[in-house]
Amino acid sequence: MEKLSTAASLFGVVVAATALAMAVVGGEAAVVEQTFMVHEMNVTHLCNTTKIYVVNGRFPGPTVDVTEGDTVVVHVINRLPHGLTIHWHGVRQMRSCWADGAGYVTECPIHPGGEKTYRFNVTGQVGTLWWHAHVTCLRATINGAFIIRPRDGKYPFPTPAKDVPIIIGEWWELDLIELDRRMLDGNFDDNPLSATINGKLGDLSNCSGTVEESFVLDVKRGESYLLRVINTALFSEYYFKVAGHTFTVVGADGNYLTPYKTDMVTVAPGEAIDVLMFADAPPAYYHMVALANQPPPPDLQIPQLTSRGLVRYTGAAMDSNNLPMPMPVMPDQHNTMPSYYFRRNLTGLALPEQQQRHRVPAHVDERLLITLGLGSICRGGNTTTCKRGRSPETVVVATMNNVSFHHTNATALLEHYYDGTPEGVYTEDFPVRPPRPFNYTDRELIPAGPLEAALEPTAKAMRLRRFRYNASVEIVFQSTTLLQSDSNPMHLHGYDVFVLAQGLGNFDPKRDVEKFNYHNPQLRNTVQVPRGGWAAVRFLTDNPGMWYLHCHFEFHIIMGMATAFIVEDGPTPETSLPPPPPEFKRCGTNGLSQP
């Protein structure tokens, strides 16, 4: 983690910058309280000074460290010239949708100079989640780990000597607000300069012969370490390896997994993967590497992004005897198959007290097939008659079932829903299937041409989907090759979903339903839909409110690969969305300025 020393005076008066646990008696639940001061800071990397946005003078930001059952209270003070919200990524927010922190979906941004208190409970979840800004591209630097520890202190795996967040991100020299504006206008020529591990660029990056600082993990031979690997990047999925070591994957997205041994972890934007690493190598220095993968040409290409850190054994000397330090052998950056096979090998692990929560709904009330890809809308208000195929007459947008989400910059959708005022704001007719079937994974559709041009026209609208309380919903996400062949990390706020199966090619219900895992599927809040493939998920709508569904590639969400699910109230007050809490500021009092 990079601490910015020039911020010291700013925080001299902030006494609540670290967690305050109150009234913990006999293992009872506590109130864990923190203050997030959000501000600008100048940081120098690669011989250039860049203005970034941080919390409490740190990049990444402070860790929220709680125990299952605790109440979390975070006071956010916005010293930025832009509005922002904080999203608690993966927290179920049972009956606390008002605290989800999705900008313009559950709340309006905290205006410059404003404050907001988030208050919610973390019941029934254990493991690694994270938090991040949820307005524009600010999450690139406004983010941090969110750790939920078991109430009884016991794990279904050997207790590690230490646990360490490994936060993979990206270093952007361009101002993040300007980056957002460019992408909104269809300009995707900007790229990060480097990957980062816990805010460090690593010694592969240098300027004028001066190498960048690397993240260093100190270990003692014979001990095990729980690495909480989180991908906060805007653009890329990452491969992560440590030379001379193997991992045992034990959890993901705040849920336990059946232990799975591997020498490499793949983590997509939005995901959090828990792995045990046993320090059993000869004492020395070993490189850890985070390498971004990307589809091969003809997809648009970005520069290779890599960050390199170190695992340093106690007693190991940095001298000529252990140089060069061992390097892990990484896959080719264009080989995305290791990502697919890594996820196919993961299964869920339900503890005895979790059996009910881990029971897959046997029946299905609603089925959706959602295609994920690119399309275009005409510039200048011309709705249909414009030249397609990456023409300057069009803006390229991201779509779900040929609908590109029209992001609002006015009153939050949750307020409209709660007040019963959706007219003229949103409709509830998000399509349950694409408007017309085609060969979704035909690589001939990647380059612009007449084949894909006929499929480009897209509706720009705010079309949501409503579900009754306690309905069983099955979604098949289908990646397409329209103008690109990216994977798609799909994140559903307020829910964990059972990942029943993943596959390559076009989903075929006659063939692929037989592959569904009803016995021990993963529970995830972010599902990586493979490049040129599909993922099938199922969940029970047991959490009333307005819940954002979107791809976690930032360029996809800005381009419109999103919608929201409305879950109706249940039959009792305990199964209904409560009124907004006293600390919730309605949009009229919270500021409406779009950053």
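Heads up, the Cβ atoms here are built off N, Cα and C, so glycines get one too.
For the Cu cation 3 site that Swiss-Prot gives as H493, H550, the extra residue drawn from H134, H245, H287, H334 is H134.
Binding of Cu cation 4 is annotated in Swiss-Prot for C551, H556, M561; the matching candidate from N488, N506, N517, N520 at the same site is N488.
Among H519, H552, the residue that Swiss-Prot places alongside H89, H132 at the Cu cation 2 binding site is H552.
Summary for the recorded positions N42, N439, N470, N488: the Cβ-based neighbour count within 10 Å is maximal at N488. Per Cα geometry, N402 is the residue among the recorded positions H132, H134, N345, N402 nearest to M561 (Cu cation 4 binding site). Across the residues of the domain 'Plastocyanin-like 2' (162-316), the predicted structure has a mean pLDDT of 95. The glycosylation sites N48, N409 differ in how many other CB atoms lie within 10 Å of their CB, and the one with the most is N409.
Excluding H134, H493, H550, which define the Cu cation 3 site, the same chain contributes H87, D100, A102, V105, H491, Y548, L549, I557, A562 within 8 Å (Cβ to the Cβ centroid), listed in sequence order.
Residues near H493 (Cu cation 3 binding site) in space but far in sequence (CB under 8 A, at least 6 apart, same chain), listed by position: H87, Q93, D100, A102, V105, W547, Y548, L549. When the binding-site residues H89, H134, N488, H550, H552 are compared by Cα distance to N42 (N-linked glycosylation site), the shortest distance belongs to H134. Looking only at Cα atoms, N121 (N-linked glycosylation site) sits nearest to H89 among the recorded positions H89, H132, N439, N470, H491.
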